[in-house]
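Novice: The following feature annotations were taken from Swiss-Prot:
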type    : residues         : note
BINDING : 72, 73, 137, 167 : [4Fe-4S] cluster binding site
């Protein structure tokens, strides 16, 4: 009727990687990305990456965009900042000054009189700078393509990184364009674009 005693010492297993103090479990234990990082940290004690990957990772999480709303597409551009879509959760926050912006969203019809102002604002943005062309009018003139006063695509004035089609494109389409831009930034090196 006695309890058998063992002479072996019981040792609690050591958790691997970065431990969340609130739960006591490894951070992101269900996420494959964090699982890979935790395994590498537990194995080596440090992470190995290139400077390009680190800089591009930081860029994608802190993109500041400047609005260049010219027509009805600007309403959808404003909607993407509202709580339903909340683009700021992806590290994409609005700024009012071109000197603090990384991304310019051209939304709407670009006229010949507005084209020099667009180029001037683009030139004031620091490098690296990116441009999203939003809507049919910004992409190729749209409904006003044959008008004498409309530029047939803002790519004639500034280089475009992402085109978002639609008249007007939905907020989901703009959000998808932002995610594509982040993917493009992660894919490129820091020296060449």
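Each Cβ is built from the backbone N, Cα and C atoms, and glycine gets one as well.
Can you tell me where each of these features sits in this structure?
Specialist: When Cβ atoms from all protein chains are considered, those within 10 Å of residue 137 ([4Fe-4S] cluster binding site) total 29, not counting its own.
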Novice: Which one of these binding-site residues, 73, 167, has the sparsest Cβ neighbourhood, judged by other Cβ atoms within 10 angstroms?
Specialist: 167
Novice: What three-state class does DSSP give residue 167 ([4Fe-4S] cluster binding site)?
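Specialist: Looking at the DSSP assignment, residue 167 ([4Fe-4S] cluster binding site) belongs to neither helix nor strand, so coil.
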